[in-house]
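Straight from TrEMBL, the features:
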type: ACT_SITE; residues: E342; note: active site
type: BINDING; residues: D197, H341, H345, E370; note: Zn(2+) binding site
type: SIGNAL; residues: 1-23; note: signal peptide
Amino acid sequence: MFSFDRFSTTVVLALACSSVTGATPWVSPSSYSTHRIHQIGRSFTVESYHPPTTYKTFGEGLDDDHAARVRRDGIESTSVAFVAAQIGVDEAAVDFRSGYEGASGHFGYLRQTHVCVNNIAPSTPSVDIDSFISEVEAQLGGNFNDHSSFEYLARADGSVALVHVVQIRNEDTNAWYEAIVDAHSGELVSVTDFVADAAYTVVPINHQDPTQGLQTIYDPANIATSPYGWHGDGSGFESNDTSGNNVFAYSLVSGTALQSAEDLSFDYAYDIDAAPTDDDNVKAATVNAFYAFNTLHDVSYVYGFTESAFNFQLRNFDKGGAEGDRIPNVDGDVQNDFLIHEGAHGIVGRLTGGGTGRCVSTFEAAGLSEGWSDAMAEWIHWDSNAVTDFVIGAFATGNPNGLRRYPYSVSNVTNPLRYSSVTHLFEVHNVGEVWANMLHGVYLTLVSWDGWDADFKTNAASDAGNVVFMHLYMDGLALQPCNPTFIDARDAFIQADVNRYAGRHFCLLWHSFATRGLGLKAANYIDESSVPARCRPAITA
């Protein structure tokens, strides 16, 4: 990844790839940043691999003319020239993948097209798709959707394989995989999992579940971000159910929820005393999912997750990016923190690595993704500057302590998780708790320092702490490398502040991360609490 404007430049050099080295029960901590095991069904596993990434940031930028050049020559030419010069190769050896202009800079995503290996597979395939596709469909429980390509794939042993890349999808079960198959042996060697597990009577977006009350909300769509509302797509057609340009929400039992009265009225009240399978409860849950995901679309759009930044929309209205990819929500839910968590996975997957959807595939990166998703659910929940401990999933689990092992808290007694805790965690959600709790501390610090703005869901121009947090969240995702580590994610978050706010929160951020062991010299999951010299001693609000 590569960003120009101030000129705070970020460069990431890695070949996006995966491989298999044999199924094992779990990945050892030494491989968290490069490997991940995918459990598919009860007995089928595939281990993916991504080579280590070198991530470099330039703080306040370089003393050169790149800012002028990107305006003159464009993102592709400028970023290719810069990266080639940085790594000492010819420009022909650098492949530009994607790029866009954001509020805090221009972003380019590139890869080096050649690697230093002695064992590269022949470029002519020995097997074609027809010879293996039936077996892969059976292994992954879906159907080939006709999306395919040829690629070279770096493997853990240093070799490079020629592979078919095909997509396998099952809309009934919400399964969607990118299958990577050796083009000479026909073996499935890796997968990328693309799925992150009017008037509307709903759980308001800042409430977590129906126990906090239902509300009928009128015309919640933001016309600046959804110009044809939530039910139109610009073609002249407007749906009367829970489908639209941004989201397609339906129940496996009853399909989409139709309007309960004319003029897009969706008045289905959820009864917490009735079974979740009650017909009205199913419809209420479907409407709530439609509302929650559309709200997340509109809010994230305000903070830069737009068409050109690879967001999810059926039609993009000539604003760049790929079309035909609205959020395919399979089933409804009335637990908003779960819905926002799942929707945030899509944002993380698209912004990290330039829209490939492949760049949170290692164990550590997948754990970070779980943390970002919890942090998004927490951020959208707050309705004042009073930041207390946060619990996720209390309603769904029936447990006041929620789904996670500890509430998110700045208290080391309430939540003892630190950077070093990762070595004892063998499940991605558990790793995610470490990162989410760090972000909880960052959020509290920023709100304590810069205050809180009630219009944060529609106005991203404020300098309030909650608005600053989401800008750094989004910008950091776009700045970080493919398959980031904790160190990379921290550095990208801090670099985002340098790019957008000229480093106004630099020391606040360093101190916040350092309190949980992610200090200046932290590495290899060993806690360290130092901060840059300019940030000593600690500052206080």
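Just so it is clear, glycine is given a Cβ too, placed from its N, Cα and C backbone atoms.
Of all the binding-site residues listed (H341, H345), H341 sits in the most crowded Cβ setting, with the most other Cβ atoms within 10 Å. The recorded positions considered are E342, E370; of these, E342 has the fewest other C-beta atoms within 10 angstroms of its C-beta. With respect to their backbone Cα atoms, E370 (Zn(2+) binding site) and E342 (active site) stand 9 Å from each other.
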